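TrEMBL annotations:
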BINDING   Asn7, Glu37, Asp192, Asn194, Asp320, His321  Mg(2+) binding site
ACT_SITE  Tyr151  active site
ACT_SITE  Asp192  active site, proton donor/acceptor
SITE      Asn194  site 'Transition state stabilizer'
SITE      Asp263  site 'Important for catalytic activity'
SITE      His321  site 'Interaction with DNA substrate'
ACT_SITE  His321  active site, proton acceptor
REGION    446-561  region 'Disordered'
COMPBIAS  461-503  compositional bias 'Polar residues'
COMPBIAS  513-528  compositional bias 'Polar residues'
COMPBIAS  536-551  compositional bias 'Polar residues'
DOMAIN    586-635  domain 'GRF-type'
Amino acid sequence: MKIVTYNVNGLRQRVSQFGSLLKLLNSFDADIICIQETKLRRQELTADLAIADGYESFFSCTRTSDKGRTGYSGVATFCRVKSAFSSVEAALPIAAEEGFTGLLGCSRKDEAASAVAEGLVEFSREELLKVDSEGRCIITDHGHFVLFNLYGPRAGDGDSERIQFKLNFFKILEKRWESLLCRGRRIFVVGDLNIAPSAIDRCEAGPDFEKNEFRTWFRSMLVESGGHFFDVFRAKNPNRREAFTCWPSNTGAEQFNYGTRIDHILCAGPCLHEGHDVEGHNLVTCHVKECDILTEYKRWKPGSATRWKGGWNIKLEGSDHAPVYMCLREIPDVPEHSSPSLAARYLPMVHGLQQTLVSVLMRRQATKQVKSDVVSSSFPDESIISGGCSHVKRSIANCDVSGTDISCCSLDQDSRNPILKVVGHSEDLKEEAACSTTIVFNEEYGSPLPNKRTRKRARKSQQLSLRSFFQKSQNLDDGIENSTNDISTSQTGVLNSNNQSQEAPLMDDRRCSSMQNDTNGISSSQGQEEPDRPCSPTQNNTNGNASSQGQEEQDGSRYLEKQKKSDALLEWQRIQQLMQNSIPLCKGHREPCVSRVVKKPGPNFGHRFYVCARAEGPSSNPEANCGYFRWASTKSRPK
């Protein structure tokens, strides 16, 4: 059995790098793959990030948003199995638990989902929930051993709040381990613990390096200090130096292997042999075949461009961590079992929610109610009642002539939106009600009419050119063609009513010319000849002059825009030249420095400074960063 632990520094980025989740997992050729720092919220666990053919997965995500920690950490365990059901494979867990306090629930049927884990009763519920709220642990029980996939908290110097959180995190975790060991269970702990235990695990460690309280605690857990755990990598490689798993991402330190070893595999408990009490028998000597670092996953590889010679512009793909693996031997099968209920295959975001017939009917009823609300909100000034008598205002169908048949009224505000038809019979619209009045949705359209606010927002978001004012709108033509029959009926009804009541007013030449342009599309679509009207004979010349004038104005605006871009480019080049001349040279290599900005909260936050452009490395290496530093201006200097 092969187990791999890897801080991916964003699961979505690694999946994109490898092309798919399956390709990423298959690249390790491992049975159990423990991933840290997924940076995924629970609602972001889609199938392409959580499900891979041949693997069962288990996730824990951040449950808090304190200090912007939403999607900040997160862990996941992937188990390669032949079958997720009725399997005897040890890689498929028989139980799984999110967190390590017991309050987030587990998949054991005989345990309460909210019961505090054994050995943790001395801690308050608030303390337990806090350490489990950042998605830093997934526990899987594989029968022969219990596997902890951990992402340890990071606590910078001077950050008392995070230091206290980290202390509580490992204190409670240690209690959980002791409880399991007292029951005779075997434990494997893998992950990024954010602790480099000894000076050998850190590049150029200072004299006080090992006095740190977290490093002291880590070493106290090891067998050589009287503890229960083996540091599996050090047990197999006791004297190897420069065996690092993490490098600073912003200094190019990978090039000179200037990093730390904070990704670990620990184990505790007896071996699987019957005579495990025999001297010299333990998990490492009996079952661990090898343990090493997969350096081929480093971002910077031999042959890559040197960072200070144009290489800073080259984006290095990959995490700032390297995976660590361990190969086990003589791990027998376990009794037949199926995938625990905590598996990602059962998550609603991946599997979906089972719908009942009642929920479907309720959703349909709610949809109908929403549609009726949209109609009523679209016409706030009208009173329209289906299947009854109601006072209908004339503004509904823009019918200002008395005695107009309501069936002629058609509202078409947008060819892409529903067309509402008011169907009914009435001879007088003065004050009497229109009986049997209904609102019918045109079946060709599926979306409601936009309200005034939506139409106003849409108009603002569409930038119009001068040419557009002299061209016919395709959408308008389509809408006119779709509603030809309704308009034809409407015109007939209006003309008849006008003949009965009063004579139509005469139109002057200018108005006639405008009407002829507007009704061109309608006449052609109806296949009817337009009657002769006393229109202006210079109409075509006017349109041609307007079109050519619009073209000239558009060409002029394009020239001005091009000229502005050219001027902006020249100004930016001038600024860059000034900046280049003001960049200092480092004293160690006499090369231009790179500018950085202070991001740590404090009195210097946001201030710019210059440092040597070379990659960080050992001070004994003349090719590495010389350590040059200078503030960008006197104003940035600390007082």
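Placement of Cβ uses the backbone N, Cα and C atoms for every residue, glycine included.
Any TrEMBL annotation is an automated prediction that lacks curation.
Owing to the predicted nature of the structure, the values given are computational and were not obtained by experimental measurement.
Other than Asn7, Glu37, Asp192, Asn194, Asp320, His321, the residues of this chain whose Cβ falls within 8 Å of the Cβ centroid of the Mg(2+) site are, in sequence order, Asn9, Gln36, Tyr151, Cys246, Ile262, Asp263, Ser319. In sequence order, Ile35, Gln36, Glu37, Tyr151, Gly191, Asp192, Cys246, Asp263, Ser319, Asp320, His321 are the residues near Asn7 (Mg(2+) binding site), counting only same-chain partners six or more apart with C-beta under 8 A. In terms of DSSP secondary structure, the domain 'GRF-type' (586-635) contains 2 helix, 12 strand, 36 coil.
Local packing around the recorded positions Glu37, Asp192, Asp263, Asp320 was summarised as the count of other Cβ atoms within 10 Å of each Cβ; on this measure the leading residue is Asp192. If you take the C-beta of Asn194 (Mg(2+) binding site) and look for same-chain residues 6 or more apart in sequence within under 8 angstroms, you find Gly152, Pro153, Arg154, Ala155, Lys166, Ile262. Using a 10 Å Cβ-Cβ cutoff, Tyr151 (active site) registers 25 neighbours.
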